[in-house]
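Participant: Take a look at the following structure, please.
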Amino acid sequence: MEGGRNCVMTVQQWQPEYNDMNQIRAIFSLLYLLVWVGAIVGNTLVLYVLTFNQVSLSVRTVFVGCLAGSDLLMCLFSLPITAISIFSRVWVFPAIFCKLIGVFQGGTIFVSSFTLTVIALDRCVLILRPNQEIVNFPRAVFIVFCIWLLGYSLALPVGIYSDIAVYDEICGTFCEENWPDFNPDTGRSGIRRAYGLSVLVLQFGIPALISSICYWMISRVMSDQLARRRGHNIRPESETKLVNRKTRANRMMIVMVVGFVLAWMPFNAVNLYRDLFGISKWYSTVFALCHVCAMCSAVLNPIIYSWFNPQFRQSITTLFKGTDEARLIKKKPQSTSKMVSYPTNFSEIRKETEIASTKTKITIAENDYRAGDQLL
């Protein structure tokens, strides 16, 4: 008997699943622990460098800080609660958390996806319109506010329709989604299916498409720039340097898009399968694997968007050396996105480049640069 109910079996006895096996639980416990520690350490270091170190306040720091904060919150609260719920298969937390966790988890996921999209758009605008102040510091802060408001608003339906459930014969308390048109015979809901499809499009489809287009446009500008420079009889070593920069930048952009797709596509696919076909004996195990992959984005994001930046690397190195070099440069707000220093050196603008040939010496001044010249 439990809480006045005559429960006669556990949920594991009533409906066994593969994730009830101790071997599977041990494997996933290790995976979740590694992701949890990696994400907390990585994003905490990013926030430390942005807040207390020598990185200037700029458009880029606003967006990267938003991404790191969202990922950190997701791993501090959402990850452990979801992991425990998957493998215990009962709700062991306070009842109010049943409603809050759905909103919190969905909101942080939306915020991360939208922030990654905004970073891609900001880079693209910076390259295509380098002489125009499109996004300044106040606008960046406002954009971040809108991202958080929109992200958590889109996640509200899960919280509204989530509630505690108990069953007479099954021991334990459960946190379940109870949509208005839920059919207990089929275990499906048309409203939940429509909402799931909307989440797939808004959280994964549109961000992946926009990011891919932005980075493709950036790559095209870089290729045009490299071809234009080659027409000036540049020295072989200068051409090699330009090619290496283009290759490095292209590699980084590919990692950004592929990392986002590989992290979130399985998670969205398994959720879509649940909405369309219901759950089966293997669903919880596959969901756990896809959830681990999605949480890996919180480990990958600090590496891609922060640590590949030489300034961040130097600050982190200084931090671990225990010196005070990180505070030598006073933080100073920058009002234009042209001051942004992206991890792949996209915004490095060379004031003057001398191109030597056998008979002539061509000097290209700063005002002779075209859109995208700061990429290489």
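FYI, residue positions are counted from 1 along the chain as it appears here.
Here the Cβ of each residue, glycine as well, is placed from N, Cα and C on the backbone.
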Participant: C98 pairs with which of C66, C146, C171, C175 in a disulfide, per Swiss-Prot?
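Facilitator: Of the candidates C66, C146, C171, C175, the one Swiss-Prot pairs with C98 is C175.
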Participant: Tell me if the membrane topology in Swiss-Prot places F320 and R25 on the same side.
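Facilitator: According to Swiss-Prot, which assigns topological domains, R25 and F320 fall on opposite sides of the membrane.
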Participant: For the transmembrane segment (252-272), find every same-chain residue at least 6 residues outside the stretch whose CB is under 8 Å from a CB in it, and list them.
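Facilitator: 113, 116, 120, 196-197, 199-200, 203-204, 207-208, 211-212, 215, 218-219, 283, 286-287, 289-291, 293-294, 296-297, 300, 304, 308, 343-344.
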Participant: Quick one: give me the count of other CB atoms within 10 A of the CB of C175 (disulfide bond).
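Facilitator: Around the Cβ of C175 (disulfide bond), 20 other Cβ atoms lie within 10 Å.
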Participant: If you average per-residue pLDDT over the topological domain 'Extracellular' (273-284), what number do you get?
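Facilitator: Mean pLDDT, the topological domain 'Extracellular' (273-284): 82.
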Participant: Tally every other Cβ atom lying within 10 Å of the Cβ atom of C98 (disulfide bond).
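Facilitator: So the Cβ neighbour count for C98 (disulfide bond) comes to 21.
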